[in-house]
Amino acid sequence: MERRKQQGKRRDVQQRILKANDRLFNSQFRYKNNYIRTWKYNIFTFLPVNLFEQFRRIANFYFMVLLILQLIPQISSLSPVTTALPLIFVLAVSAVKDAVDDIQRHISDKQVNGRRSDILLDGDLTTTEWQNVQVGDIIKMKNNDFVAADILLLSSSEPHSLVYIETAELDGETNLKVRQALPETAKLGEDQEKLGQFNVEINCELPNNKLDRFEGKMTWEGEDYSLSNEQILLRGCRLRNSQWCYGIVIFAGKDTKLMQNSGKTTFKRTSIDRMMNKLVICIFGFLIVACLICTIACLIWEINYGNDFQGYLPWTIPSPVVIALLIFFSYVIILNTVVPISLYVTVEVIRSFQSFWINWDSKMYYEENNTAAKARSTSLSEELGQIQYVFSDKTGTLTQNKMAFSKASIAGRKFGELKDEHGDIIERNDEFPCVDFSENRWYEEKFKFYDPELLQAVKGGDLQTWLFFRVLCLCHTVMCETNDDGSIEYQAQSPDEAALVSAARNFGFVFKDVSDEMSIRYPELYKPGQKSKFFNYYVFTKSLLQGVLTSLVIFFIPYGAFYEENFPNGIPSDTQFLFGCTTSAILVIVVNLKIALDTEYWNIFTHAVIWGSIIIYWAFIFLLYSPFLYELFQGTFTYVGVPYQLVRLPSFWFSLILSCVILILPILGKRAMHMDVSPSRAHEIRLKQRQEREKPSNTIELTDVRGLGSMRSFRTKSGKRRPASARSGYAFSHQYGFGDMILSGKNMKKRKKRSEDKVKNGDRVQERKANSDQMGRKPSKEADVNN
């Protein structure tokens, strides 16, 4: 008995076993249900988990330790409120942003789990939510439905039980893929009675993240049938061009290949987050060194002069070493402003506003589908534009990998077939004369085309023909190489693309390589961001030194101005309070003025943040140090009345104006000199764009056809670009083509009687003749093929 249990456990580990229409049997294995979650928090875990994630940031952890130190009266001379309030504010802002993001995840998960699906229970179709679907259930899907779980296809409405699926959510490809059920299960059709009694055992691989592989075995009526990826429909796919299909749920919920590839929801950190942590560690190291220097100085002073002050300021601690150690922590508290607590929350606010800009960007709005850009994460915006390598693939195996452009169908008109006066197709050979392309300087001698009407259509400026060749010239992945003699060679991964681009070249639409200045309008503007030149260690060190210089100016100018300062009535002023308010006011004004100088794109939000910060600061200090709050809190705010006295002193305005001139004027002079002597590429382009705005153009010009006629310009009646055609070309980037299926005829409906075919063909010929007469063209014997 024990041995049998061990064998059963070993088999469970190696493979998955399930039975169709048998929930009781499948429940013993405790397979995952079809409920999925991408959220990180719930009501109970939000506070502890979010605080844990935030205290992984060095600055937040430092201020938490600092707050604990301030609770010790022996070493702290400051109120814990001075650290607690900023820390709580920073944590609250980040927590609110994280909560909003996670609420969106909850809403998205609820929508997905609440989708409706039809399953067979006791032989009857029952509509239920996705989250209630279980392994082994037989599920029915209709056209355009999303696949609820990883299922084994049993039957479908199409011949030979084929189904077509779109895998855009799995691999990003919009071209259709085909799946086919086993012939044995295809006989079940949509007979619910047979499907309800369908009792098979399936042995398959364990859940994994490999989208292109599946191995399994189905046992039915004593026979074993091999299963592969050709019978599997994965969760996230969408059923297309099929009225209905039935399948057995193999993997559900977290076990599906889509969720296996998604991975666990984690707290993502960007490169800026990691760099800011390192910078904060460096700042913290500087703080420790400064505190150690002050501690050593305190120890030396206590040893040499400390006892002389016992008569004036007695204290109970006799040892100078103990006093120095306590002073060390006191200096850590006093110098806490060296570590920027607002650094992280500032970055969080910037990211949030950037996500709003992405959502509101009108240039990223797709009008045809009414689809706008959507920032799904507010914490990764700076990672955009950091692509250094682009990998792409395009497959399409053809016979000998050789293709030639021989025919074309443009707007229902066929080119490439030569016919005699009786309408019969002329068979051509190597000696047959081909079209002369020698007028085109870029033509290729090896290119041969035998229908001169297509070349005449290009020379005549036919719009549909021009657009056809322009699409061939632009929509591809061909690489262009220019030889030393100026000739052009095309390098293509697939021969079909090379043949099409070569044909466009010979007809005058030449695809040529362009410099990086023209591949996108001004790509060099993106390079500094890709190389992190806007924010790196050099920029941070430079800003740090500039901040030190700014601090010295802001400190010493008010210090000199308020030295032995008197009020207008001759009474000596309280220099400490006036000096403190003056330095803080100058700091706020100078910093916001520098931000204004660095702002190149102004809008209502930038105006509100910059000028609003100055206004809010003055309103705050006038309220904070008002007599009302002083009486309300019984003398807690000791700077009462200082702002009212400050604005009446000439020394304040002198300090403010002089500090702004010293700190702002050199920046303006430096930038003016750079723009005049060595302007940056950004300034040159900005000036050029201003000039281009004065020259609006409403024409749509096609590329010049060299040697084949003059340039043509096409203008729509409204002056706008023509809408794109609803037709779409076939993409060769799928994993496995439809060639074998098309040749075998599996995707074709069964043919009816031959007499009916003749009648229908006759009707089509008459209809085509009527259409041709209306268009003024000679009818073709064969059906037209749209491009």
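Glycine residues also receive a Cβ, built from the backbone N, Cα and C atoms like all the rest.
For Asp393, the entry in TrEMBL reads active site, 4-aspartylphosphate intermediate.
The compositional bias 'Basic and acidic residues' feature in TrEMBL is assigned to 754-787.
Among the features that TrEMBL reports, domain 'P-type ATPase N-terminal' is placed at 19-83.
Taken from TrEMBL, the feature domain 'P-type ATPase C-terminal' applies to 510-678.
Here TrEMBL flags 743-787 as region 'Disordered'.
Taken from TrEMBL, the feature transmembrane segment covers 58-75 (among others).
Below 8 angstroms of C-beta separation, residues 41, 46, 50-51, 53-54, 60, 63-64, 66-67, 70, 336, 341-342, 344-345, 348-349, 352, 378-379 of the same chain, each at least six residues beyond the ends of the transmembrane segment (81-100), sit close to that stretch. Sequence annotations record features per position, and here TrEMBL assigns transmembrane segment to 81-100 (among others).
Within the same chain, residues 57-59, 62, 320-321, 323-325, 327-328, 331-332, 335, 338-340, 343, 537, 540 sit at least 6 positions outside the transmembrane segment (279-303) and bring their C-beta atoms closer than 8 Å to a C-beta of that stretch. Marked as transmembrane segment by TrEMBL: 279-303 (among others).
Summarising the annotation, TrEMBL assigns transmembrane segment to 323-347 (among others). When Cβ-Cβ distances below 8 Å are used as the criterion, the transmembrane segment (323-347) is approached by residues 57, 59-60, 62-63, 66, 69-70, 72, 74-78, 83, 86-87, 89-90, 93-94, 272-273, 276, 280, 283-284, 286-287, 290-292, 294-296, 298-299, 302, 306, 315, 317 of the same chain, each at least six residues removed from its ends.
Residues or ranges marked as transmembrane segment in TrEMBL: 535-557 (among others). If one looks beyond the transmembrane segment (535-557) by at least 6 residues along the same chain, the residues whose Cβ comes under 8 Å of a Cβ in the stretch are 272, 275, 279, 583, 586-587, 590, 655, 658-659, 662-663.
Sequence annotations record features per position, and here TrEMBL assigns transmembrane segment to 577-597 (among others).
Sequence-distant contacts of the transmembrane segment (609-630), counting only residues of its own chain at least 6 positions beyond either end whose CB sits under 8 Å from a CB of the stretch, comprise 581, 584-585, 588-589, 592, 595-596, 599, 636-637, 639-644. The transmembrane segment annotation in TrEMBL covers 609-630 (among others).
The transmembrane segment annotation in TrEMBL covers 650-668 (among others). Same-chain neighbours of the transmembrane segment (650-668): 550, 553-554, 557-558, 561-562, 565, 578, 582, 585-586, 589-590, 593-594, 597, counting only residues six or more beyond its ends whose CB sits under 8 Å from a CB of the stretch.
Across the range of the domain 'P-type ATPase N-terminal' (19-83), the DSSP-based residue counts are 30 helix, 1 strand, 34 coil.
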